Amino acid sequence: MLTLLISLLVALHMTSGTHHCSPEEHKEFYKAMHFDRDDINLPGFHKFFKESAEEEMEHAQKVCSFMKYQNMRGGRVKLNNIHKPCEVWGNGLNAMRFALNLEKEVYESLLILHSHADLKNDPQLQDFLESNFLGEQVESIKQLANYVNTLTRLEGSGNYQLGEYQFDKITLKGEEK
């Protein structure tokens, strides 16, 4: 059962890029490039999602060590197909909502795996998850939820585009090139 759950977690991380990127990193990179377009020009969002892509690269390395850990314990890794991510994100709120939902999915999968490791009396796997994934997921979810909340309030203000521009400049520290 744990082998199946670990494979599912790996699949979730790996189906969230290209042959050089984890899928999550790939999606973050696409978002970064979207906000760097000449007709969008939100450098703070670009910077935020570019940094997120770099962080996802670190997560991909952890997932690789996770797969090695599974093999070391006699399990097998089964990978799913990687799908092309969305290329058009609309506004910053849509991109942040998507990122938040993805982080929540990953976190829920980690919690399920952690719970099953507890049921199987597997403290090594629990420690691996706690020290490599769970804390970072909580921090990321909190930050994204704060951003989504702020952008949602701006959406209801009557002039979302101006609010989004100010959010980009002030909160995300976007600077013109």
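A Cβ is built for glycine as well, from the same backbone N, Cα and C atoms used for every other residue.
Bear in mind that the values here come from a model prediction, so they are computed numbers and not experimental data.
Record check, TrEMBL: Fe cation site residues include Glu56, His59, Glu103, and the candidate from Gln126, Gln137, Gln161 also listed there is Gln137. Cβ neighbour counts within 10 Å, taken over all protein chains shown, single out Glu56 as the most crowded of the binding-site residues Glu56, His59, Gln137.
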